[in-house]
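Some notes on the structure that comes next.
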């Protein structure tokens, strides 16, 4: 294996659950009782295209030197010294504890590169824990759910960014140079074929060296496979007038103007009432997994019959999953009064999908290859916005002006106070606002803030997450500790 990672953290934050997921089987004992893991375990692990050695450690414990807990801590410290990098795991649901802060300091002193992993991020209230995690000084937290397999693509990207592509793919590239073998069949592999984790059917494969991952979705017979065939310049995918030809999520590598792309064609997504065959149910589920794995999702609409109920349900699903959507109005060659029809489609896009104001939409003909460059320009731009980070200073200068112009309303005779804002994640952009009485804040004012962020910082067409919490600022706790 090319490199070694150590999973480190206080007891009961989910280290062994993450270990089991990455090694592909339940090798580590998992229980709610702290201290279940007493020794460090080392095993070959895989996260999409990353192959490495993984060390599971006992929960870090503060203890007397002659105690069992002290020996467990020694095992953990040995694991840190052996590893190339550390996955420091916290419980986002429980928030930051004094033990987290103590052992984060120990990890920093080791000098090893660190990915801060915010586990249990699917739980209600986890946003506050991720917000507090910045005080550990270990960088931006990577939110995941080890139990449910959520956030694994982001964890993979964080590891590559931390160690660098040359380091993490060194062994793989050496093998490729020695073998000089390329198998075209692998390009069209079914999503999830080469995954060995315990829920392989839930997590699609991630191929190559960080290409832009695009899923192409839509109702049956909207022209998804035809579009991909035109992009690739070959008949890679079966197409025809019959709805539902594509049964699986098919992946294909592509390069557009020097940019590496991973395309996923998905089975047509029907209404639940019409999904009757077991195979088709599995195909739709596979399409949902492709959406969750993708970064940008192209929603292919038949321009002759656009915006049916199912189209809007698909778009809503993509937005709720936090992906970056782009609409392709396909079969544009069949439209006669194009200027009038396009104006009508733009108006419907804005009216029917207000939750992603500024959603990019492009007319294309997948069969004739028209509009594909324009579509891809919008895909790349949307991907850049989806990854955008705004400094805390800029955010709070903007927030000060917003409050001066339109302060929050008074509720029950008391004015709500908005104190502080910071960005806690990207992909999609996520923000936390510190305020008094978050539960009393009207959703209309939250939407007002989101729309202001979108307009001021030029973030059209992507989901924006905004959470409220009670706290003066993220450094208040740190200041108190120094006294």
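Quick reminder: no glycine exception, Cβ is built from N, Cα and C everywhere.
Because the structure is a prediction, the values reported are computed rather than measured.
Look at Swiss-Prot and you will find 3-167 tagged as domain 'EngA-type G 1'. Each residue in the domain 'EngA-type G 1' (3-167) has a pLDDT score, and their mean in this model is 80.
Residues annotated as GTP 1 binding site in Swiss-Prot, with sequence analysis given as evidence: 9-16, 56-60, 119-122. Around residue 57 (GTP 1 binding site), a 10 Å sphere centred on its CB holds 28 further CB atoms from the protein chains shown.
The domain 'EngA-type G 2' feature in Swiss-Prot is assigned to 212-387.
Among the features that Swiss-Prot reports, GTP 2 binding site is placed at 218-225, 265-269, 330-333.
Among the features that Swiss-Prot reports, domain 'KH-like' is placed at 388-472, with the record citing sequence analysis.
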Give the distance between the Cα atoms of residue 221 (GTP 2 binding site) and residue 121 (GTP 1 binding site), rounded to the nearest whole Å. 37
CA pair residue 12 (GTP 1 binding site) / residue 218 (GTP 2 binding site), Å rounded to integer, equals 42
Per DSSP, three-state class assigned to residue 221 (GTP 2 binding site): coil
Rounding to whole Å, the Cα atoms of residue 332 (GTP 2 binding site) and residue 57 (GTP 1 binding site) are apart by 57
Considering Cα atoms only, can you say which of 9, 15, 57, 121 is the nearest neighbour of residue 224 (GTP 2 binding site) among these binding-site residues? 121
Please state whether DSSP places residue 332 (GTP 2 binding site) in a helix, a strand or coil. helix
